[in-house]
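For Cys78, the entry in Swiss-Prot reads active site, nucleophile. Taken from Swiss-Prot, the feature active site applies to His165, Glu167. Positions annotated as domain 'Glutamine amidotransferase type-1' by Swiss-Prot, on the basis of sequence analysis: 5-189.
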Amino acid sequence: MDKLKLLVINNYGQTCHLIHRSLRDLGMDAKLVSNTSTVEDILKQSPDGLVFSGGPTMERAGNGENLIKIDLPILGICLGHQLMAKAYGGEIRTGQYGGFARVDIDIVEEDDILRGIGPKTVVWASHQDEVAKLPPDFVLLAKSNICDIEAMRHKTKPLFGVQWHPEVSHTEKGTLLLQNFIEVCRQRK
């Protein structure tokens, strides 16, 4: 089976390197790239999918709002999830609970990305900022008692966002979420 090429868009989050390593451990040709890259820079590398990492603030998201509209399968993690929501017309707000902590997640829709993970799971997440309103054409996938929009997907495009960090060991079934995203990329290839 051919290796897929996945680019991890570096939003300067403290676990960005773990996303890169997790994808490599799953047999992917993964590469970290700057969030200041241009759309042309990304497309020249012919990736099969993009993963947007977490990061400290929207102000450090570089060219992310343009990159997240590239026509490829995309997984947004934490800040990447928020960036996706903002770029497609959703709303972001400061969360009531900053810092990393255990969060109990209720899976609302077990779609391609969350297949085999629900109906409940435990994750590691930060809610310094969070998605407050879904963008048009997106559907809710998961929620918690801390945040109403823990995960989302586009209705027709392979765009997925999760508030939590599947790349860290504290997240149950985080590897499965990444494997599910890889399968989405493989089916689209």
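Placed from the backbone N, Cα and C atoms, the Cβ positions cover glycine too.
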Distance [Cα-Cα, Å, rounded] between Glu167 (active site) and Cys78 (active site, nucleophile): 11
Confidence summary (mean pLDDT) of the domain 'Glutamine amidotransferase type-1' (5-189): 95
Inter-residue C-alpha distance, His165 (active site) and Cys78 (active site, nucleophile) (nearest angstrom): 7
